């Protein structure tokens, strides 16, 4: 913890998470609110869902490409938790990232609140259960949506892989879009506790809000269990894990890596 706390690069990474999450939430939720303005009679629910899904996915892909080399571009507490459980970041870094992400989401939603104040019934993209969807069903949707996202993050940023020739940010962005295509009609699609938290704070409405923390965190943890222990198990002992969690020395953790300098993942410096 102390080694990271004293590094300028660490705090630069925290600021990057704050700024990138602010931009992500502003762009994505702004696009979701935009369809409420009357622009024509040719809109359908399907068109709206695709538009919003693409906005969320493309904004993640763009920002991941922009700040991935600085902070790793988590922009999502569930992703941060997944990488923590995968022993790729320290506990202190995870905590500071989640705080930065939540504050960024609140700032973005507050700005949107001022810009869209003329909208009637403006919920600022707050996540909630759709009519006919109970809490168990909503929780399940959030778990599955986040599981596939964190699984994609772990797989596309795995330093041991030598077969990746595409873009990790694009793949992750498409995974976010896929999650939204699945979950929008059920929960409004959270799969990102910070994004859900910002809207809940500004609207002062925390109805069913627990689902959008518990679901993504369970999904993220399950993704780590599936990838790190079933699909692509790592050879590591408790000493290695504790070392990463306390000192954040990621480069010394992966004992399976043949060439530590040829990793493909987006890692902070």
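Each residue, glycine too, has its Cβ placed from N, Cα and C.
Since the structure is predicted, the reported quantities are computational estimates derived from the model, not experimental observations.
Under the heading N-linked glycosylation site, Swiss-Prot lists 42 (among others), citing sequence analysis as support.
Residues annotated as N-linked glycosylation site in Swiss-Prot, with sequence analysis given as evidence: 205 (among others). Around the Cβ of residue 205 (N-linked glycosylation site), the same chain contributes 123, 126, each under 8 angstroms and 6 or more positions distant in sequence.
What Swiss-Prot lists as intramembrane segment is 69-82 (among others), and the listing cites a large-scale study or a structure entry.
Here Swiss-Prot flags 187-199 (among others) as intramembrane segment, drawing on a large-scale study or a structure entry.
For 253, the entry in Swiss-Prot reads phosphotyrosine, with the evidence type similarity to another entry.
Residues or ranges marked as site 'Hg(2+)-sensitive residue' by Swiss-Prot: 189. Other Cβ atoms within 10 Å of the Cβ of residue 189 (site 'Hg(2+)-sensitive residue'), summed over all protein chains shown, number 27. Residue 189 (site 'Hg(2+)-sensitive residue') falls outside any helix or strand according to DSSP and counts as coil.
For the topological domain 'Cytoplasmic' (2-11), the mean pLDDT of the prediction comes to 80. Per Swiss-Prot, topological domain 'Cytoplasmic' is recorded for 2-11 (among others).
Sequence annotations record features per position, and here Swiss-Prot assigns topological domain 'Cytoplasmic' to 83-90 (among others). Non-local neighbours of the topological domain 'Cytoplasmic' (83-90) in the same chain are 1, 4, 72, 74, 97, 153-154, 220-221, 224, 227-228, 236, 240-241, 244-248, 250, 253; each lies 6+ residues outside the stretch with a CB under 8 Å from one of its CB atoms.
Sequence annotations record features per position, and here Swiss-Prot assigns topological domain 'Cytoplasmic' to 154-163 (among others) based on experimental evidence.
The topological domain 'Cytoplasmic' annotation in Swiss-Prot covers 225-269 (among others) and rests on experimental evidence.
Beyond its flanks by at least six residues, the transmembrane segment (12-29) meets 52, 55-56, 59-60, 63, 66-67, 70-75, 93, 96-97, 100-101, 103-105, 107-109, 111-112, 124-125, 194-195, 198-199, 268-269 of its own chain at Cβ-Cβ distances under 8 Å. Feature annotation from Swiss-Prot assigns transmembrane segment to 12-29 (among others); the stated evidence is a large-scale study or a structure entry.
If you look up Swiss-Prot, you'll see 47-65 (among others) marked as transmembrane segment, on the strength of a large-scale study or a structure entry.
Long-range contacts of the transmembrane segment (91-109) within its own chain (CB-CB distance under 8 A, at least 6 residues past either end) are made by residues 1, 4-5, 10, 13-15, 17-26, 29, 71, 74-77, 80-81, 83-84, 124-125, 193-195, 197-199, 201-202, 245-246, 248. The transmembrane segment feature in Swiss-Prot is assigned to 91-109 (among others).
Non-local neighbours of the transmembrane segment (134-153) in the same chain are 76, 78-79, 82-83, 171-172, 175-176, 178-180, 182-183, 186-187, 189-191, 208, 211-212, 214-220, 222-224, 226-227; each lies 6+ residues outside the stretch with a CB under 8 Å from one of its CB atoms. Marked as transmembrane segment by Swiss-Prot: 134-153 (among others).
Look at Swiss-Prot and you will find 164-181 (among others) tagged as transmembrane segment, backed by a large-scale study or a structure entry.
Here Swiss-Prot flags 207-224 (among others) as transmembrane segment.
Within its own chain, the intramembrane segment (69-82) is flanked in space by residues 12-14, 16-17, 20-21, 24, 60, 63, 89, 94, 97-98, 101-102, 146, 149-150, 153-154, 169, 191-195, 213, 216-217, 219-221, 223-224, 265-269, which lie at least six positions past its ends and keep a Cβ under 8 Å from the stretch.
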